[in-house]
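Annotated features in TrEMBL:
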- CYS176-CYS182: disulfide bond (DISULFID)
- CYS404-CYS662: disulfide bond (DISULFID)
- CYS461-CYS470: disulfide bond (DISULFID)
- CYS472-CYS486: disulfide bond (DISULFID)
- CYS503-CYS538: disulfide bond (DISULFID)
- CYS508-CYS523: disulfide bond (DISULFID)
- CYS525-CYS530: disulfide bond (DISULFID)
- CYS546-CYS577: disulfide bond (DISULFID)
- CYS583-CYS588: disulfide bond (DISULFID)
- CYS585-CYS631: disulfide bond (DISULFID)
- CYS616-CYS693: disulfide bond (DISULFID)
- CYS635-CYS670: disulfide bond (DISULFID)
- 17-434: domain 'Integrin beta subunit VWA' (DOMAIN)
- 610-698: domain 'Integrin beta subunit tail' (DOMAIN)
- 722-768: domain 'Integrin beta subunit cytoplasmic' (DOMAIN)
- 1-19: signal peptide (SIGNAL)
- 699-721: transmembrane segment (TRANSMEM)
Amino acid sequence: RKVKWLLLFTLFFASFAILQNFLSVGESKSARCDDLESLKKRKCPDNKIENPRGSIKVAQNKPVTNRKKDVAEKLKPEQITQIQPQKLTLTLRSGEPQTFDLKFKRAEDYPIDLYYLMDLSFSMEDDLEKVKNLGTDLMREMKEITSDFRIGFGSFVEKTVMPYISTTPARLLNPCTGNQNCTSPFSYKNVLKLTDNGDEFNRLVSQQQISGNLDSPEGGFDAIMQVAVCEEQIGWRNVTRLLVFSTDAGFHFAGDGKLGGIVLPNDGKCHLENNVYTMSHYYDYPSIAHLVQKLSEHNIQTIFAVTEEFQPVYKELKNLIPKSAVGTLSSNSSNVIQLIIDAYNSLSSEVILENGRLPEGVSITYKSICKNGVEGTGENGRKCSNISIGDEVFFKISIESEKCPLHGKSETIKIKPLGFTEEVEIVLNFICDCQCAAQGQPNSEKCHEGNGTFECGSCKCNEGRIGRLCECSKDEVRTEDLDANCRKDNGTDICSNNGDCVCGTCECKKRENPAEIYSGKYCECDNFNCDRSHNKLCGGHGRCECRKCICDANYTGSACDCSLDTSTCLAKNGQICNGRGTCECGSCKCTNPKFQGPTCEICPTCPGVCAEHKDCVQCRAFEAGEKKDTCERDCSYFQLIKVKDRDKLPQPTDQSFPLTHCKERDANDCWFYYTYAIRNDTKEVFVVENLECPAGPDIIPIVAGVVAGIVLIGLALLLIWKLLMIIHDRREFAKFEKEKMNAKWDTGENPIYKSAVTTVVNPKYEGK
C-alpha cells in the first residue's frame, strides 16, 4: 500500500512538473492551445488535455400540426404548429459549426387575414363599383382555402398639402371638376377593421366616395406603413396576413415630401385617430427599405393589384420586398378576386427562411431539401418552392462562431419563414474558457510572490504586472539592463528581432498563421523557415524544428525530399534498376551510361532486339535468311512457338516480364511478325506462321490505262488547236471589217483626178 501511494505521488508531481515546464524557452502562453496530436507529441498527459466540444440541445420540439378543415374541432391559431423545433440551445466552440434540422409543413385550413387597401383617387371610380360586392364574393371563394377567413378595408389618396392637392376651400370640399360629387381628400382611412362579416364589408365599402388629387403618383406608402404598424386598429391576428394594394398609379417615396415642405423622416409608428392618419402633413413618405423592414417585422405578405401600365414599376418594387406578388388588375377591377387567389397560392407555395441580426463573429449557412429531394445551397438553401398544403420540407442549418464575443455572454437569434408568425428561437452559448480556468489559484505563490492567478499551468498576471511569472511591473520593461539579457551576443538584435524583451526574458511574437511559431531563448528558432520541396515545408515528409528539417522514417535530405523506399526502382524482372544502377531518393542512377530510363531498361545505342534476332527467327520459322545453313548451330538459344495470326501473339499488358513486338521484312519483301521475351531465364519467341507478302501488279489494267491516257491526251491537244484556230480567224475577220469601215470617199469622183485650171488672186486688189 505504501508503494502504491508513493507511485501515485510520483505520478502527480511528475504531471505537475510537465504542466509547469510544458512551454519551451521563449514560447508564449498561447502555445498551450494547440491541436490534439501536437499536444500529445509534446508529452502532455491525456488527463490534462481539455478539449471541450460544442453541443445542441432541443428545448422545445412540438410536432407540426396535422389538421383537416372538415374536422368539427376548430383549433386556435396559436394551437397550430408549422415549424419544428421551436427552441434550441447551441453551445459553440470557435471554428466548430453546429448543424440541426428544421422541418416546415404548410398546415391545412390555416387562418387568413386579408386587408384590402384601395386607391380612391378619381381614376379609380369604376373600380370602386366592382369592389363594393367584394366582401361576400371573396368570402365565398376563400372558403375553399380556409374556414377561418377575415377581411378588412382601407383607402388612401394623398397628403393633404400643396402641391399634391388643391388647398383652395372649394377644392378641399370637392376636389373633382364638373358635376362630379367627390369627398374631401385624405391621406389614409381605415374603413373596416378585419372581420368575418362579408355583408358588413359590402355595406361600408358601398358608402365610400371617390376623391381626387393633382399629381399622378399617390400616397400609398403612407397607407401601407400605417396598415403594417397599427396592429390593434387593423385587428391583425398571428395568422397568415395578406395586404392587397390596389391602384392604377405610381407612388411617392422618401424625399418627395420636400415638395410640400415636409422634411421629417417617417417615424414608422401608428398615428391613427378615429381611423384616419393624422400626421401625413408632418412626416415624409417612408422609404422602400423602411417598408420592407416593417412588413417583415409584422409578417405581412403584400399583393400589388395594379393596372398593366404600371406593371414594370411594381415588379421592380416586388423584387425589393420579400414575400410579395404583383397581379394585373383589369381596368374596372373585375378580376380582383381571381387575382387575389392566384397571388395567395403563389406566395403560400414558397417558404423563405430569414434570421435576425447575428452576433459579431457568428455566421449561418442553409441547405434546403425540398419536394422530390431537390437540394439547394447558398441563397437557394434558404427557400423551397411549389409547396402544396400538407407538404413537408426540411432545412439543414449550420451556425458557426469564428471568435468569442467580448462579453462572452449568451446571445439569442431567431429564424422564421417570411410571412409567417412562427419562429425558431436559438440560444447561443460560447465556449471561451477551459474548465481549468475555474480552478485557478488567485495571488498564487507560483506567480512571483502572489502577483498573479495560477490557472491552467501558467500565470495570469494582475493589473500592472507582466512576465511569464508576473515577476516585473510595467515600469521596469525595456530598461538597458533587462535588454542585455535578451541579446544572444552584443552584435545581435533584441530577441533576434522576433520578439519582445519582457523583464529580461524574450517573449516571441505571434504570426498571423497560428501554426507558425517562434521559439528559443532569444526567439532565434522557428518552425517555418526550413528548406522546401515541391512548395511544401520539409517536402511534406517531416517537421521543422529551429530551421532544420526532422524527417519522417524512410526520408532524408535537407528538405526531406529523398525517399529511402526502393519500390519505385524495381524493374519488371524484379531487380533494382534492372541490375544496371543504384536507387537514390526513389529513382535510378544508371551506372552504365549506355542505359537510361526509370529503371535503366532503355539502351538507345544498343542493337535493336528485333534486328538482332531477325535472322535466327527467319531460319527457324521459315527455313530462309542468311543463317539458313547455320541455323541449327547459331539459333538454338531460344524456344520457338508458332501462332496462326497476329492476335494470338502475347501482349505486354498480359505479361509480368519484358516483352518486345517485332515486324521484319525478308528478301522477297514479305513481312513476318514475332515477339521476343525472357521469362525465368528462358528466351521465348512467338512467331506468326504465315508471311504477309505484297500482291503482284495487274498488267491489263495498267496497259489499258496507259493507252486510254495517250488517246485522251491526243484528243485534248486537237481540241485545243482547233479552238485556237477559231479564235484566230475571228480576230482576223473583225480586223478586216474595221478597216473596211474606215475607208470612206465619194464614189462620184475619181480619186486620182486633178483639175487643169489654176486660180490666182492679186493680194493688192481691193475690189474697186
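Here the Cβ of each residue, glycine as well, is placed from N, Cα and C on the backbone.
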Exercise. What Cα-Cα separation, expressed in whole Å, is found between CYS583 (disulfide bond) and CYS631 (disulfide bond)?
Worked result: 41
Seminar exercise, completed: Here the 10 Å Cβ neighbour count for CYS588 (disulfide bond) comes out at 25
Exercise. Which of these disulfide-bonded residues is closest to CYS588 (disulfide bond) if you go by CA atoms: CYS470, CYS538, CYS616, CYS662?
Worked result: CYS538
Exercise. Near CYS182 (disulfide bond), how many other Cβ atoms are within 10 Å of its Cβ?
Worked result: 20
Problem set entry | For the domain 'Integrin beta subunit tail' (610-698), residues assigned helix / strand / coil by DSSP | 23 helix, 29 strand, 37 coil
Exercise. Out of CYS486, CYS508, CYS693, which of these disulfide-bonded residues is nearest CYS635 (disulfide bond) by C-alpha distance?
Worked result: CYS693
Problem set entry | Other C-beta atoms that fall within 10 angstroms of the C-beta of CYS546 (disulfide bond) | 13
For this session: For CYS583 (disulfide bond), list the number of other Cβ atoms lying within 10 Å of its Cβ atom.
Result: 19
Seminar exercise, completed: Among CYS176, CYS461, CYS470, CYS525, CYS693, i.e. the disulfide-bonded residues, the one with its Cα nearest that of CYS508 (disulfide bond) is CYS525
Exercise. Considering the disulfide-bonded residues CYS404, CYS461, CYS577, CYS616, CYS693, which residue's Cβ sits among the greatest number of other Cβ atoms within 10 Å?
Worked result: CYS577
Exercise. Roughly how many Å separate the Cα of CYS486 (disulfide bond) from that of CYS182 (disulfide bond), to the nearest whole number?
Worked result: 92
Seminar exercise, completed: argmin Cα dist to CYS461 (disulfide bond) over the disulfide-bonded residues CYS503, CYS523, CYS525, CYS662, CYS693 returns CYS503
For this session: Given the disulfide-bonded residues CYS470, CYS577, CYS585, state which is nearest to CYS616 (disulfide bond) when distance is taken between Cα atoms.
Result: CYS577
Problem set entry | Alpha-carbon distance [CYS503 (disulfide bond); CYS470 (disulfide bond)] in Å | 9
Seminar exercise, completed: Between the C-alpha atoms of CYS404 (disulfide bond) and CYS472 (disulfide bond), the distance in angstrom, to the nearest integer, is 29
Exercise. For CYS523 (disulfide bond), which of the disulfide-bonded residues CYS538, CYS585, CYS662, CYS670 has the nearest Cα in space?
Worked result: CYS538
Exercise. Among the disulfide-bonded residues listed here, CYS523, CYS662, whose Cβ has the fewest other Cβ atoms inside 10 Å?
Worked result: CYS662
Exercise. At the level of the C-alpha atoms, what whole-angstrom distance separates CYS585 (disulfide bond) and CYS525 (disulfide bond)?
Worked result: 28
